């Protein structure tokens with residue numbers, strides 16, 4: 001079994017996008033159709049050519065189809081924000097080819113999703129999230145032997161426990177006291193282990209070298225966010241463009257988050273290095289499951305994929321981290337802490353994963369919004 005490392009059911013309603021929009025003919029459906037069309041119009045001439053090039057290469061689509069996908073993903077992000085607190089909401093995701101938004105709702109729900117054909121599922125997202133909370137509490141910081149992680153799979157309306165064996169997963173769920181009818185087990189996974197950061201030319205501490213995430217400000221103090229496992233609170237950044245710097249806050253395990261202050265003379269920009277140019281950062285709007293996403297890191301540069309799951313707990317030997325987002329993007333040693341971005345929206349910083357960028361892999365990122373909120377940080381934007 002390969003090792004993964006920290007990188008220092010339900011039916012659903014669908015919306016079609018692109019050439020032929022398969023919406024209902026109601027006024028509300030037409031409004032949603034118009035929202036997607038408006039989003040696409042806003043994108044034309046305002047999307048980095050590097051982004052379109054990366055998407056056409058990764059997904060095997062035309063630039064026009066890439067704009068269609070980005071427009072749909074923008075609307076999906078807005079819908080997620082609007083629906084997440086509603087009773088009966090069971091999850092939202094974009095399908096694999098980026099042409100449909102899927103919204104799951106519980107039977108009998110009065111959830112309003114204009115233009116969407118609602119199909120009921122058994123459990124709402126709040127119920128599944130409570131199962132995650134119970135598993136988190138049971139695992140504690142040290143985790144559970146033979147259990148690698150757990151998350152909500154909104155596409156199948158269940159909680160997935162990743163483990164070395166079905167028996168180990170079942171024992172974990174049963175010992176936690178959760179309703180195992182809501183749980184499935186995935187043993188086709190890789191065991192997490194600490195990812196040893198290696199020397200490079202991004203930023204260095206006494207631990208090793210990691211990648212800068214996003215520029216931020218704490219009041220008037222400039223800095224950047226990165227992964228918590230890259231340095232403990234008080235650690236010094238001694239090399240790279242970010243030097244000199246100091247880890248002001250760092251959390252690992254539990255989360256994998258940190259923010260580093262840099263000297264007042266540093267120019268903190270609202271951009272991400274794509275290794276053939278830069279990507280402007282406009283906001284931190286959270287992308288939907290299934291959305292396209294790209295990652296930047298000092299070892300492997302720029303790579304793209306899709307968001308696969310949210311609110312994942314990952315169990316490393318040093319302890320369990322919670323609230324991670326799972327992606328299909330590859331990464332390698334030294335990419336830790338680097339930026340994940342969808343369109344021009346900052347998403348998070350590289351935490352861990354498995355595989356490499358030669359044959360692919362799975363990675364997790366620490367979402368950026370909890371870091372901004374917890375430490376009163378302001379995202380640097382272009």
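Including glycine, each Cβ sits where the backbone N, Cα and C put it.
Summarising the annotation, TrEMBL assigns signal peptide to 1-22.
Among the features that TrEMBL reports, domain 'Peptidase S1A alpha-lytic prodomain' is placed at 125-179.
Feature annotation from TrEMBL assigns disulfide bond to 210-230 (among others). Reduced to three states, the DSSP call for residue 210 (disulfide bond) is strand.
DSSP gives residue 229 (active site, charge relay system) a helix state. According to TrEMBL, the active site, charge relay system annotation covers 229 (among others).
Residues annotated as active site, charge relay system in TrEMBL: 256 (among others). The secondary structure of residue 256 (active site, charge relay system), as reduced to three states from DSSP, is coil rather than helix or strand.
For residue 294 (disulfide bond), other Cβ atoms within 10 Å of its Cβ number 24. Residues annotated as disulfide bond in TrEMBL: 294-304 (among others).
Taken from TrEMBL, the feature disulfide bond covers 330-357 (among others). Around residue 330 (disulfide bond), taking its Cβ as the centre, 24 other Cβ atoms fall within 10 Å, counting all chains.
Of all Cβ atoms in the protein chains displayed, 36 besides its own lie within 10 Å of the Cβ of residue 336 (active site, charge relay system). For 336 (among others), the entry in TrEMBL reads active site, charge relay system.
Secondary structure of the domain 'Peptidase S1A alpha-lytic prodomain' (125-179) per DSSP (helix as H, G, I; strand as E, B; remaining residues coil): 26 helix, 13 strand, 16 coil.
Just so you know, the Cβ of residue 210 (disulfide bond) picks up 37 other Cβ atoms within 10 Å once every protein chain is counted. Comparing Cβ neighbour counts within 10 Å across the disulfide-bonded residues 230, 357, the minimum falls on 357. Along the domain 'Peptidase S1A alpha-lytic prodomain' (125-179), the predicted structure has mean pLDDT 94.
DSSP assigns residue 294 (disulfide bond) to a strand.
Cβ environment of residue 304 (disulfide bond): 54, 55, 58, 292, 293, 294, 295, 329 lie under 8 Å away, each six or more residues apart in the same chain. Distance between Cα atoms for residue 330 (disulfide bond) and residue 336 (active site, charge relay system): 12 Å, as a whole number.
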